[in-house]
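K.L.:
Take a look at what TrEMBL says about it:
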- Asp123: active site (ACT_SITE)
- Asp309: active site (ACT_SITE)
- Cys136-Cys142: disulfide bond (DISULFID)
- Cys300-Cys304: disulfide bond (DISULFID)
- 105-527: domain 'Peptidase A1' (DOMAIN)
- 297-372: domain 'Saposin B-type' (DOMAIN)
- 398-488: domain 'Saposin B-type' (DOMAIN)
Amino acid sequence: MKIPSFVCFSNKRRYLGKMGDNFVLLVMCLLTSTFSMSVAITSSSNGVVRLGLKKQSLGFNIIYAATRIKGRYSTYAKGAVTTTQDSDASEMNIISLKNYMDIQYFGEIGIGSPPQNFTVIFDTGSSNLWIPSSHCHFSVACFFHSRYNSSNSSTYTEIGKPCKINYGSGMILGFFSEDNIKVGDLVVKNQVFTEATREGSVVLSLASFDGILGLGFQDISVGNVAPLWHSMMQQSLVAQKVFSFWFNKDPMASEGGELVFGGVDPKHFKGQHTYVPVTQKGYWQIDLEDFLVADQSTGCCINCTAIVDSGTAFIAGPFDAVKKINDAIEAKGFVSMECKKAVSQYGDLIWQLLLSGPDKLCSSIGICSFNGTQHLSDSIKMVVEQKGETHNETEVGQDLVCAACELTVAWMRTEMMQKKTRGRVIEYVNKLCDTLPNPTTQLAVDCTKIPSMPTVSFVIGNKSFHLNPDQYILKVEQDMATFCISGFIPLDVPVSPPQGPLWILGEIFMEAYHTVFDFGNLRVGFAEAA
């Protein structure tokens, strides 16, 4: 795409699921926490930097989900494949990352001289580094995060060229600057990055991270800026042109994982890596030969490809394919789930009250807090009347239980007028619950059924990479209750023939498989995580 003078546009889109503040929404993953972060960095030389990932205790002040999925994948050149030897772990430095609810992993970098510290997401699905700027005065997000002050750095070089990065949830406005970047005990000199002066998203305001450090190719870099990883190689700071991720799913563990620049830590994987070539340079895109449910091919993968993305929490794929998985694990939309809960918990009571004919039924039994003057709440109207439209999912979620109750009452009243029996009426209402549109992409599952759920496998490089239910189901605890959601979300990305359907293999996949990004040989490797 052509870039207008003095303005650079990102070609990534972010899909951020949002939710209300009742208990249903708490199960939907991530982004806000008020805890402080500490990063352990082990020093060493020999051109290898290990950034150890640290995890934090779970907090439940969750407001927004952060399912960050990319939307544009252009055509890039195909790379070659050769071999690379694993590095000796004793030669590595560690950059610590932190895990919050198994959804995002954070690490610390320093910018300037002396270094000013920031927490960032290390994102293989983008290629730019941005952090909040001290010049940010009119964005709430900047006041919740550390801000870079160029006047305090002796190695700062002014560029000033404005930059705009668009996301599905908002945008980043700022300008390019140049300074030294400290990663572990390595210093990348004269690195161009973005000082963000406006973060136009509530999600970014509440995020636990300060910025994003992209690890993709320069082909998708905003403003054609050399990514920090490229600068590391150009300045001969790493022993090998590879970096690797190990994610530790256990949120209570002292180690959240590792990001290793310049090598591979053998203690974090079993056996040998299976390497496959990067098919389109830009994102870390590979061929996906098939995906299986209970070891049976779904027949949905013809010329499939996948983006391996450390900055996306879930696994995303074409709607029809993901539906097969979610149907197999009996995943339901949260609106449908709450509707069925209302029927199960209050169906008999509603039936009895309907027989006596009281008004304001849902408020009279304590489910709804409003005065009952409207027949259906705004939430119900939004769910029923705006099916398929774009709307504020937070508003939809805020009165989900109340809305489910009112829908149940309305449907039961209609059925009662036809003189149907209580059993027939409740059975009918349960079926109607299944037809409700789900305003978020995430789906709920019955936690008690996890042991009986099927294995889901991805065939890459003629090898099946299995995910068991404990690996692809996310559990969240709240008020002594456990909620479970599917790790698979639908995403249809337009592609040009002959390229087939596109998948995003995010952190859920990378938690199960230690992942090597081999820039020197343009390939990606997977081995069972240890």
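The backbone N, Cα and C atoms fix where each Cβ goes, and this holds for glycine too.
Keep in mind it's a predicted model, so treat the numbers as computed, not measured.
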K.L.:
Which one is it: of the recorded positions Asp123, Cys300, Cys304, Asp309, whose Cα lies the shortest distance from the Cα of Cys136 (disulfide bond)?
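P.N.:
Checking each of Asp123, Cys300, Cys304, Asp309 against Cys136 (disulfide bond), the shortest Cα distance is to Asp123.
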K.L.:
Let's see if you can do this one: DSSP helix, strand and coil counts over the domain 'Saposin B-type' (398-488), in that order.
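P.N.:
Its residues fall into 42 helix, 26 strand, 23 coil.
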K.L.:
Rank aside, I only need the closest one: which of the recorded positions Cys142, Cys304, Asp309 has its C-alpha nearest to that of Asp123 (active site)?
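P.N.:
Comparing Cα positions, the candidate nearest Asp123 (active site) turns out to be Asp309.
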K.L.:
What Cα-Cα separation, expressed in whole Å, is found between Cys304 (disulfide bond) and Cys142 (disulfide bond)?
P.N.:
40
K.L.:
Taking the domain 'Saposin B-type' (297-372) alone, what is its mean pLDDT?
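P.N.:
PLDDT averaged over the stretch: 78.
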K.L.:
Between Cys142 (disulfide bond) and Asp309 (active site), how many Å separate their Cα atoms?
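P.N.:
A Cα-Cα distance of 26 Å.
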K.L.:
Can you tell me how far the Cα of Cys300 (disulfide bond) sits from the Cα of Asp309 (active site), in Å?
P.N.:
22
K.L.:
Specify the count of other C-beta atoms within 10 Å of the C-beta of Cys142 (disulfide bond).
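P.N.:
A count of 22.
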K.L.:
Taking 10 A as the limit, how many CB atoms besides its own sit near the CB of Cys136 (disulfide bond)?
P.N.:
21
